[in-house]
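Have a look at the structure below, then the notes.
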Amino acid sequence: MAAVSDPMDLGAPWGPARPEPSPTRFHRVHGANIRVDPSGTRATRVESFAHGVCFSREPLAPGQIFLVEIEEKELGWCGHLRLGLTALDPASLAPVPEFSLPDLVSLGHTWVFAITRHHNRVPREGRPAAEAAVPCRPPALLVEPYLCIEQFRIPRDRLVGRSRPGLYSHLLDQLYELNVLPPTARRSRLGVLFCPRPDGTADMHIVINGEDMGPSARGLPAAQPLYAVVDVFASTKSVRLVQLEYGLPSLQTLCRLVIQRSVVHRLAIDGLHLPKGLKDFCKYE
């Protein structure tokens, strides 16, 4: 697994000099209404609309994306998932604040935003605000398989939400890939990461279905441990973590992309003369 190199060597390839980040998990400390499954990869708010704040188990590495997929929604509430970073140690929070906004943010050293497509993009000092415009619609995965965020390059495949297999999955998958659905739609994938800068600070980026929304906050303390914050708030009821490939896409992943674009819809994969394991991987992954 690798990331693109940069002048600071903070984007150098994963290896002995820069260990590969461990799989992401939710922290044992979380809001009172959250239940985390035994694997530590699924967080569900079991009642009310609040007390749903969760954290990453470990601080994130530079360029590591804490990626969640929205699994369940709950009607009747106003508001959606909130996402960000904190330099506070979750283990020191007793009790966990009821809301990430404004409660957790008011404690300081925390940067959290409600998820919207037209996000809180901040331009560089001395540059026009037009630079904060939302980027163009992302290209197809086979045309440009990587998402480049500052000095880091990450395969986009797992960053993009996917529909359940069905007669119309080929159409729905395109909507996720083009990022035209509401950003908090069911099965959307949302991630947060930080990118260090030469001055010792870092930029926080939020990613929605494989599209970088740009820097949401600047001046984060890159030398301090930064934990991901996920607030399973209001209409968002349950999320699960998605693990990423950071280097070249695997041959299995590339084969899946080609196969999926060679059939009318994913259910048609069952009729192909392929091993069952590969069929299942193409249909569900």
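Our numbering is plain: 1 for the first residue shown, then up by one each step along the chain.
Placed from the backbone N, Cα and C atoms, the Cβ positions cover glycine too.
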1-24, 145-168, 193-216 - the range that TrEMBL marks as region 'Disordered':
1-24
For the domain 'SOCS box' (250-285), jot down how many residues DSSP puts in helix, in strand and in coil.
25 helix, 0 strand, 11 coil
